[in-house]
Each structure stands twice: as C-alpha cells, then as structure tokens.
Amino acid sequence: MNLTGKKVILHDMSLRDGMHARQHQITLKEMVDVATGLDAAGVPLIEVTHGDGLGGASLNYGFPAHTDEEYLSAVIPKMKQAKVSALLLPGIGTVDHLRMAHQLGVNTIRVATHCTEADVSGQHIALSRDLGLDTVGFLMMAHMVSPEKLLEQAKLMESYGANCIYCTDSAGYMLPGDVTSHIERLRGELKSDTQIGFHGHHNMGMSIANSLAAIEAGAERIDGSVAGLGAGAGNTPLEVFVAVLERMQVHHGVNLYDIMDVAEDLVTPMMDQPIRIDRDALTLGYAGVYSSFLLFAQRAEKKYGVPARDILLELGRRGTVGGQEDMIDDTAMNMARELA
C-alpha cells in the first residue's frame, strides 16, 4: 500500500461518539478543554452533540449532562481554526434543531440514516445545503448492504444536496476488503466533486487498517476519536492513526505530539472505564451489532442475569439496527425467561 502524497481531512468524534462511552455525561469544562486541545493540535473538524445527535436527549437514548445548545455555545466561540460539526438523525433531530445549530455557528451537518433508509434524509439535507452548510450524508451500518445497495442510497443523498457521503461501519464489523469494495464503488459512481468519508469502530481491532483501505480506495475524510473514546471498543484512535499517517507520508495537518497529549492528559482521565476490546465489545464486531448497544446490553446483564455477549449475539441474529435500543431490554428479558 502506497499512500504517499495523499491528503486526508481528519474528523474527531470524541465529543459525540464518546458521549456513548460516558453515558452522555461529559461536562462543559471537559467538552471545552478537549475541543480547544484538538483545535490547538490542528484537527480541522470536531463533532459536538449528544451521542445520538441533535435532539438525542430522551428516555430511549439517555439524558445528557447539558443540552446540545449549551455544548455548542460553549465550544464554538473557543475555536481558532477548527470547525464544529453536528450529527442529526431524522426522526430524532428536527429541522428546528438544524436551524439552531446553524445559528450557533456549526459548519458541518451530518445527516445520518440506516444504510437502507436514505429516503428519510431529503428534508434535512436540503435545508442544510440551503443554509450554506457543509452537508454530509452518513450511511450507518454499511456492512449490512452490498456496495451496489450502498451506492443506490448514496446517490439519493447526493441528489438531495449532500456534498460528502460516508460509508459508516457502525458495528466495527467490516474488514479491509469490505471497505475497499464499498468505497471504490462510491468513488467510481458518485460525482467527482462529492467527497467520500469513512467512519470506523475498533471492535474487531480493524479501524486503522480499514481507514487506510478507505484512503487507498478514494476516501478523503476519515473519522477518528482521540484516545479512541467512543461506543463499543471506540472509534479509530486518532493519535495512533496520525502516527501511522506520518509514517506513510499522508498529509493530514495535525501535530502528532499535541494530539498525543490531548489523548493522554485530557481524554484518558475522563473515561468511566478503559476503552478496549473486551469480550462484549468484540462480540459487537463479530455479530455486527450497533456499537452504542454495548452499555445497554451490560446493564441488561445486571438486570436479568443473561451474559451481555449472549444478548448481543441474539441482537445480531435478529438484525437489529440503531434506534432499536428498546429491543435490548425486551430481548434480555425473554432470554432470561427461556433460561428459567
């Protein structure tokens, strides 16, 4: 693999996907400290919202320590070079949330849907473009569909106005060959000025290899998370990925030592538990289950006495997707009854 001279835009997820690992309880001070550290390190894009995006505060997904508006209002004025993005899932976030984010100075809106449901994103993508925002179509759980199906859905998002399309490995299930086939198909068939992105999780230990495969196949934006803070076993650990890109002579614009320090001095001390590939996180990747289900399954284990990995395997067998968090408790309860 020769990536010498390629250029990539790195996008940090620690303050959005990392919310899952912190049960959405990141404080305003932690949010500002990490964001300003990333900004100083040269990270160009930083995502800030509830783990499930704008409007995610709910009984189903979890109530955060502060509102999206409070987080964005605290972070955006402190940025010197970095731009702030916000995730929005239609059906959770609304056009009013989108307008609020725009008014507060958000630069990028990432409209996320399940990989077969791009048709629900049209209103939000169109409004985002009308507001002049960098607009991303974010196709989640991409491992569940063929490259051809992902392309079909990507073309819908592109037709609504998205200027960037993401192949999102929400479960950390994909292997480098899978990433290559999906990204190559997108790059070969979408408009030449539509950027391609990749979002990985580390549940099978493949996030860096997958991200490199994505760059080789034509991706220009890569998500990561400083210290890997994210759902499941976390996202692509950004400081490690920066070191790899340095070795491979890929242009990324981030200071390696500075981002190492953010990971070590700011993010690692924030963790409620180590972000690692334990048996439950590994099961997420192996079974192809949405990464944010991890803590829900572990809580269900304590409640019903069914091992979390068995719950996750059953959820994978049933083909559950993001947004079906309510099924975790039901599944565990039914499994406990069968074992009684």
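Heads up, residue numbers simply count up from 1 along the chain you see.
Placement of Cβ uses the backbone N, Cα and C atoms for every residue, glycine included.
For the substrate site, Swiss-Prot gives Arg16, Asp17, His199, Tyr290; the one candidate out of Ser58, Ser159, Ser170 that the record lists there too is Ser170.
Under DSSP, His199 (substrate binding site) is assigned to a strand (E or B) in the three-state scheme. Under the DSSP three-state reduction, Arg16 (substrate binding site) is assigned to coil, being neither helix nor strand. There are 32 other CB atoms within 10 A of the CB of Ser170 (substrate binding site), with all protein chains counted.
Measuring Cα to Cα from His201 (Mn(2+) binding site), the recorded positions that fall within 10 Å are Ser170, out of Arg16, His20, Ser170. Straight-line distance linking the Cα atoms of His199 (substrate binding site) and His20 (active site, proton acceptor), rounded to a whole number, equals 16 Å.
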